[in-house]
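Record features (TrEMBL):
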{"type": "TRANSMEM", "residues": "6-24", "note": "transmembrane segment"}
{"type": "TRANSMEM", "residues": "45-67", "note": "transmembrane segment"}
{"type": "TRANSMEM", "residues": "87-109", "note": "transmembrane segment"}
{"type": "REGION", "residues": "123-189", "note": "region 'Disordered'"}
{"type": "COMPBIAS", "residues": "168-185", "note": "compositional bias 'Low complexity'"}
{"type": "DOMAIN", "residues": "538-747", "note": "domain 'FtsK'"}
{"type": "BINDING", "residues": "Gly555, Thr556, Thr557, Gly558, Ser559, Gly560, Lys561, Ser562", "note": "ATP binding site"}
Amino acid sequence: MHIVVFDWFGWSLLWITPLLWHMVKARRMNGSALSALRGPGSIRLWLGTLLLLCASSGLEAVIRMMVSDTVSGDFFGFAFAQTLIKVFGKIGAVLLLFIITALALRWLFSGLFRPIPQITSTPQKERKTSAGVPATAPVSPKGKNSHPHPVHNLAAPSGKARSTNHISSATGSGNTFGSSTGTVSTKKKSWRLPSMEADDALPIYTQKSREPRSTAISSGRSMAEWATIEQIIPTSAMRARFLAEQKERNAKFAERGKQIHIHRSPVPQTVPSTAAIKPVATALPTLSENSTPLATDLSILPSHVISHVESKMDLHRENSDVPSISASMAAIALPTDLSMMEAVMSTHMPPVVDPVPHQASIATTVYAPVVMEISDVSVSSAVSTAPPVINLITNHSDNDHFHLPALSLLDPASQEKIAISDELLIETGRLIEQRLQEFKVPVTVLGHDAGPVITRFEVEPAIGVRGSQIVGLMKDLSRALGLTSIRVVETIPGKTCMGLELPNAQRQMIRLSEILESPAYRESTSHVTIALGKDITGTPVVADLARAPHMLVAGTTGSGKSVAINAMILSLLYKATPEDVRLIMIDPKMLELSVYEGIPHLLAPVVTDMKLAANALNWCVGEMDKRYRLMSALGVRNLAGFNQKIRDGERREKKVTNPFSLTPDAPEPLSTLPMIVVIIDELADLMMVAGKKIEELIARLAQKARAAGIHLILATQRPSVDVITGLIKANIPTRVAFQVSSKIDSRTILDQMGAEALLGHGDMLFLPPGSGYPQRVHGAFVSDEEVHRVVEHLKQFGEPEYEEAILAGSPVEGAAADLFGENQDAEADPLYDEAVAFVLRTRRASISSVQRQLRVGYNRAARLVEQMEAAGIVSAMATSGSRDVLAPALAE
């Protein structure tokens, strides 16, 4: 205690004793020590104590410096005195300290002897009338033909005072404003409707009724102060003139109220659809049956009730979108006692209008969908609801009966936006500068871009600081900021600074419907526009597969790769009809793409067998060559030009014929060709089964299929060099990298690092064609329920038209014959009988011996031996690799 208190201020700390004494005295008087800190003079009391403490501490330090050179206490005083001595000199500092001490003593003791204010617990309502001032002006009893007189320049009375301060003329009692102490009676009467109260005349103010007022005035205020209030007391002439005006006003309102009727019309049991609606005039009841005229003798509500009802009526006039009434409320009739409504409408009557065509009232019009023709609607019948009209995404389609899916099939986006305050972003920028400065890497934060998932801070390195230094400190910086991962962008296109991408504390869900509703997707004219997600600033990102022209998608398990594939497929289905785009899906996992089985866009059933997958790729190669021959014969450069030429010929009624027809005398006309998108969900499994030949087929399609309208989307969860080979990467420039486990995998996909620092769950790096800088995109989420709803919608338009030749395995330039080392009918081989005779004679069933004996290739010899195994001539291969000959030896 001695070190903490006296070593800082010395014995000068005793100057706070008067302040403590003042607080103790205030507590004894008012029960609270804080009352001494409020009121007039409290600032001088506090400021005087503070200045006296500082000045006395400084003087004590000067005295100690004169006695001893060592600092043994009063640290604050020594620092304060030395500062003043450096500025004003020793003499000037001492004089200044004496002046401050004298001024502080004057302020302190003037504040000590000020009176302490008394704190009373009088309620606020009583303090407003405690001086003998009435809470309100005299008000007559509430009745049908009376109004309270306006009172100006007075405080607003409380609810209790307003209900009790009126004068009853029947009893002749005066208006009691209060006793000699100035208090007012606050007894509250129960409020009743105006129609339930008796008609009372305005009060007559007699001299007897004013006597208590004079007593209250003399006790509370002077007569001069009450002169203004006495002027507003009504006289007999004023009351007579007011009664005449009131009768004339009531007569006008009564005549106008006869023309207004309140209808009790039937209400439909269900809410009409969002389709176009029209009023059914026949559903209106007659005025004589279901109408209630307003009463001519009108009552007056209290002013606060009238103002509340007026505000509700104004809102009703302004709001034309009236909510529908449920079926349970439709059967409830209007109350017979409409005194409150009549009083309000009589007092505040709107301009006279014809109530029948008014469309804002629920009770006067029954709505029905356009598609229903209603000739006679009874009062008790309910209007059935028609199915809602689907909001379609318009696009060109030759099939009139096919409709693109509606956006209502997808889950809507959440309306709640997670906003990040600017103060937090600025503070984070300062923290980044501070942490990098600790590592001897000075930078300056220039700005920030907050997005739905991450926030990018633009930093500019100081002169002499290399960008590789910041990249090397990425893990240290993420640890210093308490984050899981930070991605460093060495070059931001179009800017001269670097970027630090920090994850947000709360991620925002991005729905596919948000991307499909965006102008970037709607205004795209390409039939193969795919939706990816949103960038770091929240802008929707879409890609045209025709310009890609192929796409490689890679990422580890759980990174969001399969969800992104589903989002791409749905975006294709929302943009194109089966006449525009056809799909070939290869799904080795048998789970991801099998849900799309049966949609009309499919060109073949979903392929799950890898042997049939190779046949499908072979068919694509043959289709590519066939389309190139057609386009070359017609003199067009791509599929879009071919289809345009076909349409121009149909428009001129001169159809383009097939130049390679088998009947040259009567060639068949050509039709438009759809674009073909081949989707492979797991490339690693396909490469493991087929290997080198699959790689060659994919490379051929990637090199030449763009102009023929055939595009590839390849996905894999094992981004290694044996799956994504250099030949595939060289022909597929557009790549999408999800979260990977190492920098090596990131280099395999993107040829650069960065994918290892992604967050997962749809966070991706999109490398567009012709650009070396990947763009960070947060993928759109699509659930399995949404996929099922869209697929069921598409299945209702008929079965798909499959191409049988895709999975039949027709050889294309001999590619399919040796793809898997087998033949569908190996016994048709002319060397089969010779191979069987050799095996039976030598009792050796090895592939190498058959290959050497017959002088054939390894694949052909393997097929012959496997066919012998199927025929039961030789046994299956043992663990040692040998086979036993089961058939008996040939007779000599």
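Glycine is treated like the rest: Cβ placed from N, Cα and C.
TrEMBL annotations: computationally assigned, not manually curated.
Note that this is a predicted model, so its numbers are computed, not measured.
In this structure, Thr556 (ATP binding site) belongs to neither helix nor strand by DSSP; it is coil.
Note: the ATP site is recorded as Gly555, Thr556, Thr557, Gly558, Ser559, Gly560, Lys561, Ser562; in the same chain, Gln717, Phe738, Gln739, Gly760 also have Cβ atoms within 8 Å of that site's Cβ centroid. The predicted model assigns the domain 'FtsK' (538-747) a mean pLDDT of 90. Most Cβ neighbours within 10 Å, among the binding-site residues Gly555, Gly558, Gly560: Gly555 holds that distinction in the structure as shown.
Working note on the binding-site residues Thr557, Ser559: by count of other C-beta atoms within 10 Å of each C-beta, Ser559 ranks first. For Lys561 (ATP binding site), applying a Cβ distance below 8 Å and a minimum sequence separation of six or more within one chain yields Val553, Ala554, Gly555, Ala715, Gln717, Phe738.
Within 10 Å of the C-beta of Ser562 (ATP binding site) we count 20 further C-beta atoms, all protein chains included.
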